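S.K.: Sharing a structure below in structure tokens format, with a few things to ask.
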Amino acid sequence: MADVYPVDPAFAADARVTREQYAALYRESIEHPEQFWGKAAQRLEWFKQPTQVKDVSYALDDFHIRWFGDGELNASVNCLDRQLATRGDKTALLFEPDSPDAASYPVTYRQLYERVCKLGNALRNLGVKKGDRVTIYLPMIVDAAVAMLACARIGAVHSVVFGGFAANSIADRVIDCQSKLIITADEGLRGGKKIPLKANVDAALKIPGTNTIETVLVVRHTGGAVEMQAPRDRWFHDVVDGQPAECEPERMNAEDPLFILYTSGSTGKPKGVLHTTAGYLLFASYTHEVVFDLREDDIYWCTADVGWVTGHSYIVYGPLANGATAVMFEGVPNYPNVSRFWEVIDKHQVTIFYTAPTAIRALMRDGAEPVKKTSRKSLRLLGSVGEPINPEAWRWYYDVVGDSRCPIVDTWWQTETGGILISPLAGAVDLKPGSATLPFFGVQPALVDAEGKILEGATEGNLVLLDSWPGQMRSVYGDHQRFIDTYFRTYPGSYFTGDGCRRDADGYYWITGRVDDVINVSGHRIGTAEVESALVSHPKVAEAAVVGFPHDVKGQGIYAYVTLIAGETPSDELHKELVSWVRKEIGPIASPDHLQWAPGLPKTRSGKIMRRILRKIAENAPDQLGDTSTLADPSVVDSLVNERLTR
């Protein structure tokens, strides 16, 4: 089995970036960042050209991150207006519905522009002003992109909430950013099932603290019956359709906020990752063009949901700023059958396909036949995102899906980074299954030990980034101190990613997974603290500890240890009740895969739960527990080992 897949000479001959160009551009981006990013800024259309490029200090006593600080622009103008002259009739978004029996349809750049302008005008009429926050809780439909771009047009800050989150999660996010308006739909569709979006919003808005919401706009999507509460609730199309199809864009400073996106942290509630306008848009569009080797006639399909950062950067902002055609898919990989992805690729002649290892591993289980009965001849490049891809899944993706002729870009990045940081460029970098390979322009990875000492050569350590890049998040919304403490205090002078990583003798990077209390489930980050607090909020639960464990399909699963209050006894009914309790509190993605009853939890004498031990038990590695003598009650461990659910 090949360990290295060299660059295909035919691909390299026509690639946007060759091996030599990558080396030269990377060197320039590190040695002369002002010059490099100053030139790159010409990709964008500005109302006022920036004269400053980079103004960054990671010093804790003078901390700031500013890019293109005196420039003025508008993100929606860059995604829509500037495309109209040459690409007005080109398809911007190709909508593919949940059911293959429903009609798919193209939306051109001109049509998208008009829809965005109409919604922008409607939002202004409803009192939404520059800087106001708007919550978007929609399925994967074109109106989700319209809503994001309409906010950008009028200078409102959008906060998209994934349609799989439950009422409590919506309320948390509304309260945290003091949102003024929600855009939702009657229902979503996923794998033939209806998701009660409007009902979830109604439940969320009964929770104290959500009364900043003045208006709920409801897209009629399935036509399902919903309760409408006047005057708060309005039908989206009643409010929007009659508006003028031109809308004056707001002039935004480069560092004005574009959006907030909530992501799980290792402590407590999700944090609102704040991205600003120019640096984010530049980085999303530049990485999209270069990493995916974009051509004018490509049909590009990223299977992510707009509720995650991948959907923000690589379905909406990156592709549209580049004038590309992107598929927007409402469905799931296995509905109505496990050939659905490949059928959609053939139907729309998709050339670039970007998905998550979880989807690949799930589809691998059904073997090659459901793939091989489709053509997939249109494909020329494959991508992977969301979590490390194991070499077996990589090879299956390469051999079976790509017929051993499409390079794979295995992209590592985070909600916080705005865009891809480590990835091969298919015309420039030889591939190794399981490795994200080399850094993108301007990105300076380093590996450090626990003390923060930089490690050289082939080694393993904690992944940090030594300097800023334009797409970097600027703050945690409403809590700048938390931003500094989370990312810059652990290893002063650098950004701590929270990921472990090894570097091989060729300088390639291999991401090994989170080193903090965050679990990566199917490419979605879940904070263990979130799941624990959901469990503990149940009246019968005294204590809970949650860890990740290796999962064949999801990458990591959720393993919960639960101690009940005195007088309560474990039962199958209570087990089911607790799992559905977590689903209700957070959403289905946070459902525990295993829930083990624990008479007690392993604690130090100071009362700290020893998660390291719980992790090893969940990983079915009881021989690797290490020293348990420092525990307040070492006997607790034996009973947990004996009752473990993963052996």
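Each residue, glycine too, has its Cβ placed from N, Cα and C.
Taken from Swiss-Prot, the feature CoA binding site covers ARG190, GLY191, GLY192, LYS193, THR310, ASN334, SER522, ARG583, and the record attributes it to sequence analysis. Among the features that Swiss-Prot reports, ATP binding site is placed at GLY386, GLU387, PRO388, ASP410, THR411, TRP412, TRP413, GLN414, THR415, ASP499, ARG514, ARG525. Residues annotated as Mg(2+) binding site in Swiss-Prot: VAL536, HIS538, VAL541. The N6-acetyllysine annotation in Swiss-Prot covers LYS608.
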S.K.: Given the binding-site residues LYS193, THR310, ASN334, HIS538, which lie within 10 A of THR415 (ATP binding site) by CA-CA distance?
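M.R.: Checking Cα-Cα distances against THR415 (ATP binding site), the binding-site residues within 10 Å turn out to be THR310.
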S.K.: Among VAL536, VAL541, all listed as binding-site residues, which has the most CB atoms within 10 Å of its CB?
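M.R.: Going through VAL536, VAL541 one by one, the largest Cβ count within 10 Å is at VAL541.
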S.K.: Please list, in sequence order, every residue of the chain apart from VAL536, HIS538, VAL541 whose Cβ lies within 8 Å of the Cβ centroid of the Mg(2+) site.
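M.R.: So the additional residues around the site are ALA534, LEU535, SER537, PRO539, LYS540, ALA542, GLU543, ALA544, VAL562, LEU578, TRP581.
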S.K.: Between THR411 (ATP binding site) and GLY192 (CoA binding site), how many Å separate their Cα atoms?
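M.R.: Taking the Cα atoms only, THR411 (ATP binding site) lies 31 Å from GLY192 (CoA binding site).
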S.K.: Count, for each of the binding-site residues GLY191, GLY192, GLY386, PRO388, the other C-beta atoms lying within 10 angstroms of its own C-beta, and report the residue with the smallest count.
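M.R.: Ranked by other Cβ atoms within 10 Å, the binding-site residues GLY191, GLY192, GLY386, PRO388 bottom out at GLY192.
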S.K.: Report the largest Cα to Cα distance, in Å and rounded to a whole number, among the residues GLY386, GLU387, PRO388, ASP410, THR411, TRP412, TRP413, GLN414, THR415, ASP499, ARG514, ARG525 that the record lists as binding ATP.
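M.R.: About 18 Å separates the two most distant Cα atoms.
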S.K.: If I restrict to non-local contacts, at least six residues apart, and a C-beta distance under 8 angstroms, what lies near SER522 (CoA binding site) in its own chain?
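M.R.: Listed in sequence order: ALA356, THR358, GLY386, GLU387, VAL553, LYS554, GLY555, ILE589.
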S.K.: Give the number of CB atoms, excluding that of HIS538 (Mg(2+) binding site) itself, located within 10 Å of its CB.
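M.R.: Looking across every protein chain shown, the total is 18.
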S.K.: So among TRP413, HIS538, VAL541, all listed as binding-site residues, which is physically nearest to ASN334 (CoA binding site)? Use the C-alpha atoms.
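M.R.: Closest candidate to ASN334 (CoA binding site), judged by Cα separation, is TRP413.
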S.K.: Between GLY192 (CoA binding site) and ARG514 (ATP binding site), find the distance joining the two CA atoms and give it rounded to the nearest Å.
M.R.: 34
S.K.: Could you round the CA separation between ARG583 (CoA binding site) and HIS538 (Mg(2+) binding site) to a whole angstrom and send it over?
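M.R.: Per the Cα atoms, ARG583 (CoA binding site) and HIS538 (Mg(2+) binding site) stand 12 Å apart.
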S.K.: In whole Å, note down how far the CA of the residue listed as 'N6-acetyllysine' lies from the CA of VAL541 (Mg(2+) binding site).
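M.R.: Each residue's Cα considered, VAL541 (Mg(2+) binding site) and the residue listed as 'N6-acetyllysine' end up 18 Å apart.
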S.K.: DSSP secondary structure for PRO388 (ATP binding site), reduced to helix/strand/coil, please.
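M.R.: DSSP assigns PRO388 (ATP binding site) to coil.
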